[in-house]
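Read through the structure below, which is laid out as structure tokens, and then see the notes.
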There are 2 protein chains.
Amino acid sequence: MPQFLATTDADFETRFQALLTMKREDAPDVDEAVAAIIADVRARGDAAVTELTARFDRLELTPDRMRVTEDEIEEAVARVPEAERDALTLAADRIRAYHARQMPEDARWTDEAGATLGWRWGAVDAAGLYVPGGLASYPSSVLMNAVPARVAGVRRLVMCVPAPDGVLNPLVLLAAQLSGVDEVYRIGGAQAVAAMAYGTETIASVDKITGPGNAYVAAAKRRVFGRVGIDMIAGPSEILVIADAENDPDWIAVDLLSQAEHDESAQSILITDDAVFGRAVAAAVDARLETLERRAIAGASWRDFGAVVTVRDLTEAATLSNRIAPEHLELAVAEPDALAERITHAGAIFLGQWTPEAIGDYIGGPNHVLPTARSARFSSGLSVMDFLKRTTLARMTPESLRAIGPAAVTLAGSESLEAHGLSVQARLDRLNRP
Amino acid sequence: MPQFLATTDADFETRFQALLTMKREDAPDVDEAVAAIIADVRARGDAAVTELTARFDRLELTPDRMRVTEDEIEEAVARVPEAERDALTLAADRIRAYHARQMPEDARWTDEAGATLGWRWGAVDAAGLYVPGGLASYPSSVLMNAVPARVAGVRRLVMCVPAPDGVLNPLVLLAAQLSGVDEVYRIGGAQAVAAMAYGTETIASVDKITGPGNAYVAAAKRRVFGRVGIDMIAGPSEILVIADAENDPDWIAVDLLSQAEHDESAQSILITDDAVFGRAVAAAVDARLETLERRAIAGASWRDFGAVVTVRDLTEAATLSNRIAPEHLELAVAEPDALAERITHAGAIFLGQWTPEAIGDYIGGPNHVLPTARSARFSSGLSVMDFLKRTTLARMTPESLRAIGPAAVTLAGSESLEAHGLSVQARLDRLNRP
């Protein structure tokens, strides 16, 4: 049974605080094993990667078999039923259209001192996308990572996906094709991350690595960070639904379950201003759990981490939501835009009862890689910005240096950085020469 | 003596590769000590912070003395000479004006399927700025971190600066005042980072921590990452100057020394298309090193990590520069804008011979916190974006759900996520009901 809380309860603050800070995941400590794998790949390249692949994925590879060939991709992709191909194509197009709008502008201007200032955006040269194998091998995740990279202008896009026992998901290959991935390698785990970060004889190194993975992949990404850029390390998924009583309890129940079914550590929370409605949703969840395919996972998540919170009004709901800073926030209320105005921290907001969160997972257009574990307080979902970097620009004229240079000399003096001051003063001296 | 390389040398590629990958810093392994400090601060709060401050900073504090009072700040600030106050004020104003232009736009549109999509930017609630104590206590760094936070709209801005033996730098306090810091605490090290990340009885926790620091501070930032956001972990400073022969060798020499004087691990590289000019610059460096206050540091940096690279032409210079991906890049050439077009990776570009890099350290307007150690390949300098996060928005109408919902149901089926599909299908069923 999920927790039931009400802001009118005497012990509400204590219980809500416990809900906020509850630990949902015991990450296994694989850091030492991962360090050894990375060192091995750095030292021995392809030989290490193929040995590790034989050990972990039960797949005997030679270096020339690491890369999935165009023919193999075509063959796999041809097996995808038309309905799935069409759906994935629509998703890719919509994600591309959304992310294209995110491209930031360059800027350049001359200010009143005569200094020309600005900045310029550029794409990383090469990006590597990690895709988990087996059951968690989601074609939608390929689109969500690869499409923004391509939109940003990344020139070389690499994908690593393990093929346990040799098996690859044709839909994952189709997603790679639709989003313009250049190279696909059938390797996974920390060895794939190491190969992309440091390069091997077969795989040229990349500059940025993104994508989800298990504890080994997460630890490897943390370790190669600095050598390459990485995206966030995502925790288990979460949804917060704020719903008034004018909703079908069953709709809200399946929305809650759509996160709960991801993972036993996922968390689904309902905040409502109607306690009776809250009970009705909980009953609808129980009813759906009787037949849901992933009922073992979803049921455990709902039982251990689910919560139904009754509030006095929707303003209170917004306040609690901002303390939770949810990854996904559904506003199933009559005036969702008005309520959204009060939300300061959330990865993604789904407005109104016709916008189930699952739309955002697949087809809406916004990215489904979003900040978890309250990190929406300080971070954002994946976007084209993750594949771009900014170079700032400054150009002084003799006149502008004369105007602002002396202040730089003064500040360099304050910081006892003489050469800093001299580099400006040497030029000012020339200007002041008769 | 620095290294001299020429692209016409037979062993150029080997030596250039060695230059690219040379290790300049042996970071001491303080991770265990830092883990213990963080655990102590989490467990005992103020008591741990004050004990650690007594031990590391030789400063006996009670919790009510941790915060620097308004009166203390006023008193210190009153002692700052007018020239320094004016210079710092000009710097703050120019940095504010530059960063104000970085504020990104919100977006909202309705697409051809009838879905309303968009995003909204918001500031982190509270940011913490770490400022080193002692000699590396730079007022310019306070401005470069605090001003963007304020411009972004951060509501609460906290600063921690250690006061070894009780001493604080009045200019640092003035910089804090000019940039609108709300709370200043005289604590430092890993204990200050832990206090800001987890909070104590006296210091409320923040959501994002930025600012430079020693190995302890860097390790602490890495450890609290996830609980709060952090900025980059910066390595030793670097400058690359691309200069043709039409420059005063002495100007280029002091520009190279302005990075070398930061740190024995700093790196200054000159690329020129004129070998004679390269020798002249090296001679000018030697001449300046005879009298430079920080000649021990600058001399060691130039000797161990400095390099003069002769190229055939400036196109070759741009290619090498992109492999280096320098933190600071000076283009002291006749047509700097044309050369800048060829640059794909650099933290900041300084255009033309009237723009010494030190202008960017203090007064130009762009941020001086920039990606080091080749990370300009995938990351950017500090900006207002570091204090903002984006929430994506989606709103479906019944009609738009009817248009794109079925594709989501199909993809949920492909990924065996039944509840995802049900959350869309339940709504489609209502629409399809006669």
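Residue numbers in this text run from 1 along the chain shown.
Including glycine, each Cβ sits where the backbone N, Cα and C put it.
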TrEMBL substrate site partner of B:GLN259, B:HIS262, B:HIS328, B:ASP361, B:GLU415, B:HIS420, selected from B:SER179, B:SER205, B:SER237, B:SER383:
B:SER237
Nearest to B:GLN259 (substrate binding site) by Cα, among B:TYR130, B:GLN191, B:ASN214 (binding-site residues)?
B:ASN214
From the Cα of B:HIS420 (substrate binding site) across to the Cα of B:ASN214 (NAD(+) binding site), what is the distance in angstrom?
48
I'd like to know which binding-site residues lie near chain A: of B:TYR130, B:GLN191, B:ASN214, B:ASP361, B:HIS420, which have a CB under 8 A from one of its CB atoms?
B:ASP361, B:HIS420
If one looks at the chain holding B:HIS328 (substrate binding site), which residues at least 6 apart in sequence have a CB under 8 angstroms from its CB?
B:SER237, B:GLU238, B:ILE239, B:LEU240, B:GLN259, B:ALA346, B:GLY347, B:ALA348, B:PHE350, B:GLU357, B:GLY360, B:LEU370
Give the distance between the Cα atoms of B:HIS420 (substrate binding site) and B:TYR130 (NAD(+) binding site), rounded to the nearest whole Å.
44
Do me a favour and check the Cα-Cα span between B:GLN191 (NAD(+) binding site) and B:ASP361 (substrate binding site); whole Å is fine.
28
Report the residues of the chain - excluding B:TYR130, B:GLN191, B:ASN214 - with C-beta within 8 Å of the mean position of the site's C-beta atoms, for the recorded NAD(+) site, in sequence order.
B:PRO132, B:CYS160, B:PRO162, B:GLY188, B:GLY189, B:ALA190, B:ALA192, B:VAL193, B:GLY213, B:TYR216, B:VAL217, B:ALA220
